[in-house]
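Student: Supplied in structure tokens, the structure appears directly below.
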Ligand code: DGJ
């Protein structure tokens, strides 16, 4: 791995075994992109991008002697605004005189081993300096007293480049950063299709693939959270790219608030990708000498198809984004009482649930919503984080002890960022939520959002949670968040800083999470936002697992989990075995299919196991013990998508152990058909030369990957599934 700068050619080359990213400086200092893609071992000249006059209406930079160069057609690293590039800009700065034209030129650079932290923000990291190299390029506008430091880190063993920017005011007057995005990549062609992960509540991360036409396409969130509507992710892929081969460029933003991913194809069939904080609802007062740090964008390059891209994300997020004690630990099998009791539970019920769960091999009981204040429905008490005496008269500590005595750990649900109007906290602090004084405030699920951009509010939440966590043996927290922002205004800031509130909120949230997770390293935190409303890489930094969706229907989950796996590894996506008929969609599904889908992630249970018959309990217990036997493989193995449920009436995926000795294959047929076509599925990731035992037959890895397995011929019901355990026949795991 190297980051080099050739003084003669003025070319920067960032490369590792898999990829190259090349830029060059052009007089008087414009930083231009040259190449991003498969590794080029030697690149010892300047880029050959032709210089011919095709600018017509596109002006040339001031003082330029010919018409053969225009910023409007150049491939740029830091496209500015108001200085002849009419495409989308990376930034917009407004000066006290009301003007905004800014053009950055190269001033200096610095290359060093390792990767810097990002002040107050989650980011990928290294454990050892040798793992990555960083390039910082200082860009200045000589007429404007501003600088932008472009920060690039390339990992040695991963096809990963990260980018962020620090914008700094070098002058003596306040300037206004109206747009401060994190990364721009300009490609010189448009031979791409775009993959995105849109969704809605209970229908998260559905894969959509479409061609990119001329013009601008925006994927974004203006909801104050990354949201279910869009994941802060986009991939550009070649038309021929599929799961197993072809080029894919993945862009993922490590941020949990408003974001924007803009893809623009210009008249010359060049494609620009911009990623960053959404300029809408954003503007930052940059005081003299103040710096604004943008969040980080992860860029993954794969020439091994979408699985190659996803596996790079999976490893990076497991190994260098998630942190703490649980990062490499197998996750406990939990039972959550939400779908079995909703708000209607008491101590006796929970202890029975714990006892019954322990007998089945469940390791942790999570008490969900309704344990605090006077909360018996979703209309009150958020903010009153003290125990509901009517339901739990002996308190949380006693409940937790009783549950522990049954042999399971105890976990608790919180929704710390929210406040109900009907709560003691609201009565004491009617000004602590986001709202515009004098205007009515919108409610969502009958709740407001606490203004965690304010330090006093954060401190209150921290102290309140600490009191609780110190009192009872709580070993897991489900951190929920069930509405999006409106009337975004903070009483903690002057009027001219109100457009900073949405971002300051996210910085405040990160600060609170950092403090809590540092103070309680032994608590396993699970991220939730009505399912996956804020399941993004920013949250992964603080919480190593997330509730992938409130939809627990096995059939809907096939798509949700398939889509989620595009960027997040299965260990991070919690999936629960739930009742049939399903509570969200009313569908009846077999126990086998429900367990197969739930077992394909971070497995848990969401049913009232106390009400099950002996034979149902036997089945649950068998599934739990099967999962335990395969837990390491599922949570830490390589995940391959094989057959897309978005394209077919069936879907398939596979887990393969690191040493390729062991694999677990899952196949799902959605609707049954008469006289149906046979489905032969080719596996992936096995050792071609090894022999594997598959359903009592020995087959070579080569055969399994090229010929595959016939899977659906015996299936005769809707919503069928098949799980096949595959072992290397000469391994001791057999
Ligand atoms: C939304 C979550 O996604 C559910 O699992 C549950 O915790 C409810 N909130 C409780 O209000």
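Cβ from N, Cα, C; glycine included.
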Student: Same substrate site as 201, 368, 369, 478, 479, 480, 481, 482, 528, 550 according to TrEMBL: which of 166, 168, 445?
Tutor: 445
Student: Reduce the DSSP letter at residue 369 (substrate binding site) to three states and note it down.
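Tutor: Once the DSSP labels are grouped into three classes, residue 369 (substrate binding site) ends up as coil.
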Student: Who sits close to residue 478 (substrate binding site): which same-chain residues at least 6 apart have their Cβ under 8 Å from its Cβ?
Tutor: 336, 366, 368, 411, 412, 413, 414, 526, 528, 547
Student: Below 8 Å Cβ to Cβ and six or more residues apart, same chain only. Which residues does that give for residue 482 (substrate binding site)?
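Tutor: The answer is 415, 418, 444, 445, 447, 529, 530, 533.
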Student: Pairwise over 201, 368, 369, 445, 478, 479, 480, 481, 482, 528, 550, annotated as binding substrate, what's the top Cα to Cα distance to the nearest Å?
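Tutor: Farthest Cα pair among residues binding substrate: 19 Å.
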Student: Under the DSSP assignment, what numbers of helix, strand and coil residues are found in the domain 'Glycosyl hydrolase family 36 C-terminal' (652-724)?
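Tutor: Going by DSSP assignments, the domain 'Glycosyl hydrolase family 36 C-terminal' (652-724) contains 6 helix, 30 strand, 37 coil.
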